[in-house]
Protein chains: 4
Amino acid sequence: MTSTAARTALDLTSDLPVTDLEDLYRDLHRHPELSLREHRTAGTLAGRLAKAGYETTEGVGGTGVVGRLRNGDGPTVLLRADMDALPVQEATGLPYASRTDGVMHACGHDLHVTWLTGAAAALAAGRDTWRGTLLVVGQPAEETGQGAARMVADGLYERFGRPDVLLGQHAAPGPAGLYPHAPGLIMSASTDVDIVVHGRGGHGSRPEATVDPVVTAAYLVTRLQTVVSRELAAGEAAVLTVGRIEAGTRHNIIPSEARVSLNLRSRSEEVRQRMLAAIRRIAHGECLAAGCPREPEVTVGSTFPVTVNDAATDTTVAAVHGEVFGADTVFDPGPAMGSEDFPELALGSIPYSYWFVTTTPAEVWEQAPGDTFPEKFAAVPSNHSPHFAPDLPTIGPGVRTLVSGALAVLSGA
Amino acid sequence: MTSTAARTALDLTSDLPVTDLEDLYRDLHRHPELSLREHRTAGTLAGRLAKAGYETTEGVGGTGVVGRLRNGDGPTVLLRADMDALPVQEATGLPYASRTDGVMHACGHDLHVTWLTGAAAALAAGRDTWRGTLLVVGQPAEETGQGAARMVADGLYERFGRPDVLLGQHAAPGPAGLYPHAPGLIMSASTDVDIVVHGRGGHGSRPEATVDPVVTAAYLVTRLQTVVSRELAAGEAAVLTVGRIEAGTRHNIIPSEARVSLNLRSRSEEVRQRMLAAIRRIAHGECLAAGCPREPEVTVGSTFPVTVNDAATDTTVAAVHGEVFGADTVFDPGPAMGSEDFPELALGSIPYSYWFVTTTPAEVWEQAPGDTFPEKFAAVPSNHSPHFAPDLPTIGPGVRTLVSGALAVLSGA
Amino acid sequence: MTSTAARTALDLTSDLPVTDLEDLYRDLHRHPELSLREHRTAGTLAGRLAKAGYETTEGVGGTGVVGRLRNGDGPTVLLRADMDALPVQEATGLPYASRTDGVMHACGHDLHVTWLTGAAAALAAGRDTWRGTLLVVGQPAEETGQGAARMVADGLYERFGRPDVLLGQHAAPGPAGLYPHAPGLIMSASTDVDIVVHGRGGHGSRPEATVDPVVTAAYLVTRLQTVVSRELAAGEAAVLTVGRIEAGTRHNIIPSEARVSLNLRSRSEEVRQRMLAAIRRIAHGECLAAGCPREPEVTVGSTFPVTVNDAATDTTVAAVHGEVFGADTVFDPGPAMGSEDFPELALGSIPYSYWFVTTTPAEVWEQAPGDTFPEKFAAVPSNHSPHFAPDLPTIGPGVRTLVSGALAVLSGA
Amino acid sequence: MTSTAARTALDLTSDLPVTDLEDLYRDLHRHPELSLREHRTAGTLAGRLAKAGYETTEGVGGTGVVGRLRNGDGPTVLLRADMDALPVQEATGLPYASRTDGVMHACGHDLHVTWLTGAAAALAAGRDTWRGTLLVVGQPAEETGQGAARMVADGLYERFGRPDVLLGQHAAPGPAGLYPHAPGLIMSASTDVDIVVHGRGGHGSRPEATVDPVVTAAYLVTRLQTVVSRELAAGEAAVLTVGRIEAGTRHNIIPSEARVSLNLRSRSEEVRQRMLAAIRRIAHGECLAAGCPREPEVTVGSTFPVTVNDAATDTTVAAVHGEVFGADTVFDPGPAMGSEDFPELALGSIPYSYWFVTTTPAEVWEQAPGDTFPEKFAAVPSNHSPHFAPDLPTIGPGVRTLVSGALAVLSGA
């Protein structure tokens, strides 16, 4: 334990208001809000930031929140948490489970906001230990890939100053108490695609008078499995997930169209383009095989870039995390297949560090089947699962990661 | 042209108020109502029956209508029209297209009500030509297979008398002006089945931590094709249609379950049981292949019986139709794969005749691709299609079929 | 029992050399020969016919046999048995099972030859009871659809006289002792189709450098299920069977092509054409979906016509069978999906009767699962099964069907 | 260019008999021999080695060849080439294409033998430049994974001495002139699996009396795509290839079983076990869905281990290759999905270096579609392709790699 940043971070967080932060977390978890509707969440965050002494602005890029703390000469450091929840029906059975039907904080953004709130308060209280400017950002609509770009387009940097460094973190499955870092590629690119299959509707008892889009969509989904299994080299990490299929209203009516929504993950633009070409080709071929009266519509939707940490920045932040939590808690997990719109905040040039904080309760981890880390990792509830339930004792550590990371890149006092 | 019934029918319908009936039809078509919500339709029918001199009762079995005309000694004949529309988005572009979004008279029940209204009025006006009792029934919820049974359960026969004969008819594709009759099996049995596939949800970028129910449901739908293609003899006419598939909400969330709704048509209980067993076996096998954490739920829903005309009754009715419209307009089409809950009104013992009236406009028929009747039949918009649009000039003939059919089984005056 | 033909037939067959015929049957069964290689079988048949007094010719249309017995004025009646076996590995475990690896009399043609031999001898011995000419034909290559046409093309009728009536019969599953007859359509049309899928081969560990024809062919086979399940009306009896699929040589080499061989059954040319068009469309679409470097080759092979009995002839023959075996043993089974090249002998104009003889041993039938005839019919070993094993006691009855049928259409003495 | 080994290697290979080696290569290519039948190839190699002064032994482990050259004190170095060809029908159109129908040197083992022959001769001729013992091994049956283990079991090291280092190389696609090396994992594990699907055979026109194994196997192959696409994390490089499917003999016979042969590639035992479990589960589920009368048989066949270079040895060899050919010709390609039985020679403890030599002719590479290395790599004919055709001018370089590699690990004179 040698660096000033690490020592200061431990000092500043030695007496965190853990009960208060847990209450905040449970409150956020009970009241999840979908993308761009994070009004209550934003209000809560803004109130806390203002109380901690930040100049606070709401409504940036829709429902975004910015808190600024100017504290003398020094670099500007942006700390970011995303705020939106997901259209998932919670199944955790927790006493503080979602009270909104069909909406859930299944990706841990409630924890991200809690962490950010705690860190912002601690850094403000300890402002005599550092110099520079803090931008604390509550970002909307990460799940839909819109929020970061909307905040930038709404003048985030013109209005509040361009940061020198960005820091972000994400809750992840894994035994609570690990801090995976990668000095380069850490998250993959993501692209949404929608396919509409046009058949010809009719009575369920007379399929011969129709072109059945339900059956066509089903064959299409099975055929799409070959994009990953046959068309990409084994080493080209990529995923094609059909997250949604929808067709028809009644047992005995053959509808006239079917809709398939899918998401791609890849680690290079070349692979992404190859996957898109394969999807178009397969959709075309399957609809031709079915005799569809019209070509399928294949529409490319939200796209997330790859998340590539600046090596120097991430090495600095990983080092301080190693000091704060122990060297064996920080390791390079290799690139994940998840995606973020966090890089949109970097405008292609601002260096950033983005890391994970594992949040699976110890007892859940231990009881999960499997002997190896990957086995258990696959067995515990992951992000977007209706059973995703981070461990409450990770609230303190997630505040410390932000505080120590910020201190490591700010100027000492 | 020899029988009294035929001659009288032509007399009674020689001066039908065609313009008024067309207006009625267009009004009903504009205002389609889903099963058990046929309030406006029932009110319209009841008003017309009352005006024509029938004792009229609404609300039988929910939204059913019964009109009774007691006209001396003689048999009791029940004339039935079904009244409900379908959850289909109309695409005919007609000036009198549905004004209710997502609901459409895509099965011609509006025409059935119009025919019944016209026939009830003509038979009432000509009551000096016959003896007996007419029961004119507007049945709800045929599409969901509930209406006939509900009317019976609500005391239809206890309250209004048990009929000696039932008569019913249905609009069907085919060049307007044909009257298909069969002296036995004319429509198939129908059974709805729902399947819920239980997977394990999670993030779209980490399928290895999930059991993907979307992909499982897609393979299931493709596998179900083999029930008809491999497990039934070619001569065993049967259909398995998946009318609806639904899973997931977002591109990048793997949901935890998928729902498949399907409908079977068969002509014997043995085949129906074999199909159900095959569906259960396939659902079980596919979920096992997928590694689903739970067995799929396979639930049998609405079931329609086979429609089997009483040979003597149907031969009598077919004969009078041949006299009224010409012998070459009546033919035996063989059993259709469609289904009806009309037989529920027969209680297993009341003889009945159920026939079709073709309603495809001549020009649509002629321009349809194909040289043979089956080819054209397959090419024109069929029942349940968003393009289903019966020919208005079939209004008069559909009144005459009911009037002549009723006179053929009532006593002469 | 009234007709002369029936009485005479019973007389002529009252003392059949059953042991000898059983030995003949077992010998033929032990030595099955594939289509157009029926040398041993043809020799055996020819020897027997010559011994019975027939003018005998071998090598007609390849390996065909013709025996002629001219017996005064009267009609010419052709009795036909097919002689070829199948590439099936016998699994009956019978003491007289096939001694040729991979070849088996799995369709009962050995029984047909035995029946014909017995009938030819009985009719020759009893030639004082009838007048006319008998043509006894051992036809090659029925399984490949080549034999009848080849015999005709080889001058069958120019060389031996054009018959007035054709008679043929086939062993079928069903409890031994039934004689299904239909006075019109009795067997379906059949068409073979071959599909070659062209992929691009390569190393199994690098599928991304290939277009995998194995996977493409597998999707194609699953997709072809929809031809029957979705594209034909339920009432249009039709079958599409993929009898053979073949691709690749080694676990880890992706081959460059795959071959699929299929067979269609239909009851009309229109349906056959629709099925062929659907197959072409699906093969094209699937290969397009796969990104195949070349279009698939879809080749139409052997085609069998429908078998349609002459109503008058078949009624006559069915009547005599009813007299000989009991009226309740003769019934109309409706059209079967099987196919024959027997109609090729009719040149589109010679009337014929073709019927079935059921040959499942009583104990096998009784122990088969199921309560109904169709259930048991589906459960016992059918033609082309490696377990197909006709009952030996049906040898006598199958001789009597031919003898009585022939006598019914020949002139009395 | 500094090391003695590099300088000596260039000296010893400055005057290679290229025309003779090309003739040897073309002769081997014309006469490919399947695994464990490499008699002619082994004889040719043995003759050359004997002529060059090696003590030569044939028939080691079947058809293996060992040449030994004892040259004073120093380490024993084993140079290995595999000798067997593949059951592939050559489609290169080369003047020296395979003369054996259905067998081809599609994996470059002919080139490996040629390289080894040239290197053995050069090292023997230059024996005054080094000290130690050379073991030159022509290994049979690499493709079937049997050869290395068979040679070891046949006393390879007891009879000829245990080597201190093993060296091996493999022809690979890529623009001729590159030498990919990896100081650790370079090739994947491979496992063959055979699946037999048991259906119930019968006549193609009566599928309802059968359980169709062709259709079942087709669904199985499509379902197996999900092992890679859904059950493994994107980062877990793995491949599942169905290299062979075979069922049925005739268009209209439904066979009683189908056979599927597949090959897995993985980089860890854990992933391999997960893939095997998924395959078993899917085969079981699909056969259950089909109603198969018996469980499928899933048999695990040949298994190749991972190939993991000794870091120190490979770094040494890579360094000398960089000196001989230029530093930019040596690079770390990351682990390949291909597999080798070469590690079987290491007995788990002998250090080895195994590298690639790219052999795609420059003009083929340049004309291949794509702008990036991976695109072109995917587009040119790869190993096991019927179009695989290494560039003849790579004969000299492949001799130099072996000579320089050997000199780098032998003692200097």
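The backbone N, Cα and C atoms fix where each Cβ goes, and this holds for glycine too.
Non-local contacts of C:His109 (Mn(2+) binding site) by the CB criterion (under 8 A, 6+ apart in sequence, same chain) comprise C:Ala81, C:Asp82, C:Met83, C:Asp84, C:Ala85, C:Glu142. C:His109 (Mn(2+) binding site) falls within a helical segment according to DSSP. Residues or ranges marked as Mn(2+) binding site by TrEMBL: C:Cys107, C:His109, C:Glu143, C:His170, C:His384.
The feature domain 'Peptidase M20 dimerisation' is assigned by TrEMBL to C:192-283. Assigned with DSSP, the residues of the domain 'Peptidase M20 dimerisation' (C:192-283) fall into helix, strand and coil as follows: 36 helix, 32 strand, 24 coil.
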Out of the binding-site residues C:His109, C:His170, C:His384, ones whose Cβ falls under 8 Å of a chain D Cβ are C:His384
Sorted by sequence, non-C:Cys107, C:His109, C:Glu143, C:His170, C:His384 residues with Cβ within 8 Å of centre, Mn(2+): C:Asp82, C:Asp84, C:Leu86, C:His105, C:Ala106, C:Gly108, C:Glu142, C:Asn383
If one looks at the chain holding C:Glu143 (Mn(2+) binding site), which residues at least 6 apart in sequence have a CB under 8 angstroms from its CB? C:Ser35, C:Asp82, C:Asp84, C:Ala85, C:Leu86, C:Cys107
All chains considered, the count of other Cβ atoms within 10 Å of the Cβ of C:His384 (Mn(2+) binding site) is 28
Could you list the residues of the same chain, at least six apart in sequence, whose Cβ is under 8 A from the Cβ of C:His170 (Mn(2+) binding site)? C:Gly108, C:His112, C:Gly338, C:Glu340, C:Tyr354, C:Trp355, C:Phe356, C:Val357
Averaged pLDDT, computed only over the residues in the domain 'Peptidase M20 dimerisation' (C:192-283): 95
